[in-house]
Structures are given as C-alpha cells and as structure tokens.
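Over in Swiss-Prot, the protein carries these features:
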DOMAIN    2-72  domain 'RRM 1'
MOD_RES   Ser45  phosphoserine
REGION    75-103  region 'Disordered'
MOD_RES   Ser81  phosphoserine
MOD_RES   Ser84  phosphoserine
MOD_RES   Lys165  N6-acetyllysine
REGION    176-339  region 'Disordered'
COMPBIAS  280-291  compositional bias 'Basic and acidic residues'
MOD_RES   Ser297  phosphoserine
MOD_RES   Ser299  phosphoserine
MOD_RES   Ser303  phosphoserine
MOD_RES   Ser314  phosphoserine
MOD_RES   Ser316  phosphoserine
Amino acid sequence: MPRVYIGRLSYNVREKDIQRFFSGYGRLLEIDLKNGYGFVEFEDSRDADDAVYELNSKELCGERVIVEHARGPRRDRDGYSYGSRSGGGGYSSRRTSGRDKYGPPVRTEYRLIVENLSSRCSWQDLKDFMRQAGEVTYADAHKERTNEGVIEFRSYSDMKRALDKLDGTEINGRNIRLIEDKPRTSHRRSYSGSRSRSRSRRRSRSRSRRSSRSRSRSISKSRSRSRSRSKGRSRSRSKGRKSRSKSKSKPKSDRGSHSHSRSRSKDKYGKSRSRSRSRSPKENGKGDIKSKSRSRSQSRSHSPLPAPPSKARSMSPPPKRASRSRSRSRSRSRSSSRD
C-alpha cells in the first residue's frame with residue numbers, strides 16, 4: 001500500500017487534524033503519528049500521488065508541513081492504525097514495545113552522528129524520522145552520551161541524502177546536527193564492538209609496522225657497524241702490510257747481496273731470523289770497517305777478512321782476533337825499537 005510521509009508537524013497535532021487535512025484525497029487505511037512527523041497510508045496509489053502534489057508545503061496547525069512519498073519499508077509498530085475492530089471504522093490505537101520485528105539490526109559503514117538530540121526522542125523516533133531519506137538499518141539514541149544518537153543507512157546515497165536534507169531540521173523542539181562518521185578518521189566514541197575490533201586491528205597493524213621498522217633499522221645499523229668494522233680491519237691490515245713491506249725494504253739496502261739472497265728464502269722462522277740477520281750485518285759492518293782501517297795502518301797481512309756469518313754469535317770473534325794481532329804487532333815494534 002502507498003504510504004505518505006508528513007514532516008514538520010506541530011506537536012499539538014492529532015489524528016482528527018490529519019484526517020481533516022487529507023479529506024477529499026481518498027480513503028485512509030492507517031495514520032501513524034510520531035513526534036514532529038508521521039505517516040499516512042492510502043488505499044489507492046493515485047490518491048497518494050494527488051495528496052503529495054496538492055498538500056506539500058501547506059499549513060497544518062500553524063506549521064508548513066512536508067508531504068512526500070515514504071521511502072522506507074512499512075512498519076507495524078508505534079502507530080495508530082485504522083481497523084475493523086472498533087466496529088465504527090474509527091481509528092484505534094495499537095502500540096508495540098521493543099525493536100521492529102524484522103530481526104536484529106544490520107550494521108553498516110554509512111553512519112551519521114546526531115547531535116543536539118532531545119532527551120524525549122527515543123531511538124525508534126529517530127529511526128522513523130530518518131526513514132524519509134532512505135532505508136535505515138540501525139539507530140540508537142543517548143547510549144554513550146545524552147542528547148546524541150547514531151543512525152546508519154543501507155547505502156551511501158541514502159546517508160548523503162539525509163545529510164543534505166535533514167541536517168538542521170527540528171525534532172521535539174531541537175534542531176539536530178548531522179555529522180558523517182567516516183571509518184578512516186577515528187572518532188572519539190565507539191558505538192559498536194565491530195568498530196572497537198577495527199581499532200584494535202589498526203593498532204596491532206601499526207605496532208607490527210613499528211616493530212618491523214625498528215627491526216629493519218637495527219639490522220641496517222648492525223650491517224653498517226659490521227661494514228665499518230670490516231673497513232677498519234681492512235685498513236689496519238693494509239697499514240700493517242705497508243709497514244711490513246717498508247721494514248723489509250730497508251734491510252735490503254743495508255744488507256747488500258747477502259741479505260737479498262737470505263730474505264728470499266721463506267720458512268716458518270723467517271721473521272725472527274730476518275731480524276737477527278738485519279741486526280748482525282750492521283754490527284759486522286762496523287767491526288769490519290774498524291778492523292780493516294786498523295789492520296791496514298799496522299799490518300796488512302795479519303787482518304783476515306771475516307766471512308759473512310750465519311748467526312749473531314759468530315760476529316763476536318773477529319774483533320778479538322784483531323786485538324790479538326794488534327798486541328803482537330805492538331810487541332814486535334817495541335822489541336825492535338829497544339834493539
């Protein structure tokens with residue numbers, strides 16, 4: 001059956017006033033009055049079309065009312081129905097308690113926050129009022145805070161229509177304010193368990209992202225540290241190799257041909273032997289120079305040329321032999337002078 005919505009009704013309006021207002025537009029099957037609005041059901045759809053066309057923006061009890069076709073489904077609740085039980089064909093009141101009989105409410109993402117809501121307005125009144133914009137799936141009033149409610153629609157177009165059309169309208173003497181509750185922006189209130197679950201999921205995701213970021217940062221730091229350590233080690237090794245090559249190159253110039261031939265031979269004790277050899281030729285060189293100069297001045301035949309020694313111990317005897325030759329030559333010279 002065609003239903004017609006009546007908006008901006010006076011709070012003093014009665015069923016008789018509605019009946020007089022729609023008189024001459026066919027037979028009325030049901031009148032459902034709410035706080036500030038109502039619904040009227042016609043027997044014929046053509047009568048409903050004529051009433052919407054003729055009576056929209058007309059005055060009823062001092063108020064300009066809105067008359068248009070109802071968009072939501074018909075509800076057998078909280079209304080005044082026209083029935084045959086009264087016998088005389090009058091209006092009999094029939095009220096039912098609780099939520100509608102269409103099952104549990106369906107939660108959607110197309111949610112509006114209703115602010116400045118009258119304390120006399122229940123969630124049933126809010127849901128019935130919002131049905132003029134589209135199909136309402138969920139409604140709640142004064143649950144988290146007083147004077148605030150929640151309304152959810154089946155589609156985004158219905159929510160947008162309610163936001164554009166019903167924002168600032170009056171319910172029970174108060175002009176309501178509608179605010180779109182976007183799922184991306186975290187609102188300061190949570191009206192359902194699903195929303196709190198989505199928040200916990202977002203928090204867990206953000207924590208996992210932070211932990212993965214910190215892990216990647218620590219891994220990158222450890223990698224950079226290991227790289228810097230490897231670089232320092234390679235540099236120290238290269239410096240040590242350079243210093244070793246320099247130390248090896250210096251004894252070559254002092255040793256001469258013997259040190260060249262000995263340094264080329266590689267064995268396990270090459271380092272210690274090369275050091276002793278590098279020290280011995282220097283001492284040997286000094287002893288050779290002194291012995292050669294002194295033996296040439298005193299006696300050329302008594303100064304034997306020392307062979308290149310293999311160890312540092314063999315370097316001590318040559319200076320002693322030179323001193324013995326000196327003493328012998330001195331004693332001979334003294335005896336000759338005495339004679």
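Just so you know, glycine gets a Cβ as well, placed from its N, Cα and C.
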Fill in the blank from the handout: Around the Cβ of Ser45 (phosphoserine), other Cβ atoms found within 10 Å total 12
Completion exercise
Spacing of the two Cα atoms, Lys165 (N6-acetyllysine) and Ser45 (phosphoserine), in whole angstrom, works out to 25
Fill in the blank from the handout: Counting across all protein chains, other CB atoms within 10 angstroms of the CB of the residue listed as 'N6-acetyllysine' number 15
Completion exercise
Ser45 (phosphoserine) falls, by DSSP collapsed to helix, strand or coil, into helix
Completion exercise
Mean pLDDT across the domain 'RRM 1' (2-72) comes out at 89
